[in-house]
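Enquirer: What follows is a structure written as structure tokens; I'll ask about it next.
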Amino acid sequence: MQAPSIGGVRLPRGNGQVVRLPRGASLADFAERIDVDPAQLVQVLFGLGEMVTATQSVDEDTFRVLGEELGFEIQMVSPEDEDRELLESFDIDFEAEDDSISMPRPPVVTVMGHVDHGKTKLLDAIRKENIVESEAGGITQHIGAYQVSVEHDGQERAITFIDTPGHEAFTAMRARGAQVTDIVILVVAADDGVMPQTIEALNHAQAAGVPIVVAVNKIDVEGANPSKIRQQLTEYNLVAEEYGGDTMFVDVAAKPGINIDKLLEAVLLTADAALDLRANPDMPARGVAIEGHLDRGRGPVATVLVQRGTLRPGDAIVTGQSYGRVRAMLDEYGKPVEEAEPSRPVLVLGLTAVPGAGDKFLVADDDRTARQIAEKREAMERNAALAKARKRVTLESFMAESKVETLNLILKGDVSGSVEALEDALLKIDVGDEVDLNIIHRGVGAITANDVNLASIDRGIIIGFNVRPQSRTVEDLADREGVEIRYYSVIYSAIEEIEAALKGMLKPEFEEVQLGTAEIREVFRSSKIGNIAGCMVTNGIMRRNASARLVRDGVVVGEGLTIVSLRREKDDATEVREGFECGISLGSFNDIKTGDTIETYEMKEKPRG
Ligand SMILES: Nc1nc2c(ncn2[C@@H]2O[C@H](COP(=O)(O)OP(=O)(O)OP(=O)(O)O)[C@@H](O)[C@H]2O)c(=O)[nH]1
């Protein structure tokens, strides 16, 4: 095979040699690996119809195409591998198991189920039933997770609940490779039965290999049929113990608080039977950020779940791209915590930024290491985002670019979990190739002047999810700049509306609708207005201003014509129907003959499916 040659310069052929590149790499990076001049790669790509500069971050597809052309197999380093390599460069092995000490740890539970089946009520009931004696009357705060203690076999046992119902949080975390949940409580309302999201939740749990305890809820409601639920779920490989299976089903009523203790017992029994939950509490803490938000007084705060080791105030912590020294740790009652052991969720104060839900956290040897890891991660993310955002400018799309409409969005939300869930869902909207959805900025907290300015520059729309403009000034600025801010508190309705907006941005498609045909019986010549066709409408109608074509002996001889004037007898007419005679002028088109047929049609907008 010939080596590709550009301007007489021969490029090496890779013969299938593998080149690993980090996300966000540029042509210059690739050139360095294969020891060529970056300018040559720019030219090769140009020859393939892509215009990229040497230092621009390039996306995976472009590298693949280029690699194929030159005979190299390009492997993009996955974000996980990239992060692992980054930590290794600091001598940290995040996953390293240290079994020297291994103590039992409480199970971590997520509640999932169909809309309105009672997830929130159940989490409330569990929290209420188990308020620790000393906290009786204490008000719990939502920090994203809480721990309850249960008496089981004469022993005090703890269970940790992720306090974000639904599977968005679950999937957002799994998408980041964070397996947080040990057991899923699947809530099914006994008066409603198995519904689409019940099955979705179940699929998520089974895909993650997480055991399920079924809470058959609302048994207090008349018409509730708990055994029907058991029957329905056997179809999905969830067979109740009493039917010979190994899934525990517990009949509960979250609202009046019936059988909550039995449900908690079932969680512990399932954990003991199916899982051996252990961790080493005697090492620097590692775990996952559950959620985070910007607190007015306290700055960025994050709830983290410790998975190994013990977290203490003063630790140098890094989670995602945020870092800091743990200034204080609080529990769900707002009380200070001095030590957080495995499976313990705590609110952490002292971070530089709000981490994302599912970001792994670790305690580093010192502040400097924590900061360097966070900064390197930020740089990596920025490069990767640049590669993704770089619009693939092919020669074709470059010329046709004006045809693509882009909806630019800025997402602001109250907690990072909801912003991520919203972003994920939005990016999944499929509207084909004609419209682009671009999320130009996302963040946690009130809508700021900066957001408005950004939207104004990029002609974007701001989506406020459970957040409002920071002040009247920001609102005024948006008004003045003509920036639209839309507020939502339900992810689903945000998605629905944005999807509708995207569909609305699609250029209308037109189709031809036949109106009618007329046969030319006679041609009148007029010095003033040119030739006039004396016609008989043989089918449908003739309409003034309608589009027309002229057909002679079955061949179209005039296309893109217009019925310039239409007369019935001596009068102007707007329409003439089948079976009537009329006079038609096609304007300056005078090549008409007796026996020709005039076809008329209209272009109608086609509704989008
Ligand atoms: N009678 C009765 N009503 C219940 C019970 N549990 C929940 N409900 C009611 O069912 C409705 C839905 O409960 P939620 O807890 O909001 O349901 P959810 O699954 O969290 O709903 P989404 O957050 O919308 O997905 C509320 O009106 C509750 O009061 C129960 O055990 N008995």
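Every residue, even glycine, has its Cβ placed from backbone N, Cα and C.
The structure displayed is predicted, hence computed values, not measured ones.
Heads up, here are the entries from TrEMBL:
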| type | residues | note |
| --- | --- | --- |
| BINDING | 113-120, 163-167, 217-220 | GTP binding site |
| DOMAIN | 104-275 | domain 'Tr-type G' |
Enquirer: So if I take the binding-site residues (ASP116, LYS119, THR164, ILE219) and measure from each Cβ to the nearest atom of ligand 1, which come out below 6 Å?
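Expert: With ligand 1 as the reference and 6 Å as the Cβ limit, the list reads ASP116, LYS119.
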Enquirer: Counting other Cβ atoms within 10 Å of each residue's Cβ, which of the binding-site residues GLY113, ASP116, LYS119, THR164, ILE219 comes out lowest?
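Expert: Least crowded of the binding-site residues GLY113, ASP116, LYS119, THR164, ILE219, by Cβ count within 10 Å, is ASP116.
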Enquirer: Three states by DSSP: which one describes LYS119 (GTP binding site)?
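Expert: Going by the DSSP assignment, LYS119 (GTP binding site) falls within a helical segment, counted as helix.
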Enquirer: Check THR164 (GTP binding site) against DSSP and tell me helix, strand or coil, would you?
Expert: coil
Enquirer: Going by DSSP, give the three-state secondary structure for GLY113 (GTP binding site).
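Expert: In the DSSP reduction, GLY113 (GTP binding site) maps to strand.
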Enquirer: Tell me the coarse DSSP state (helix, strand, coil) of ILE219 (GTP binding site).
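Expert: The residue in question, ILE219 (GTP binding site), is coil (DSSP, three-state).
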Enquirer: Over the span of the domain 'Tr-type G' (104-275), how high is the average pLDDT in this prediction?
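Expert: Mean per-residue confidence for the domain 'Tr-type G' (104-275): 86 out of 100.
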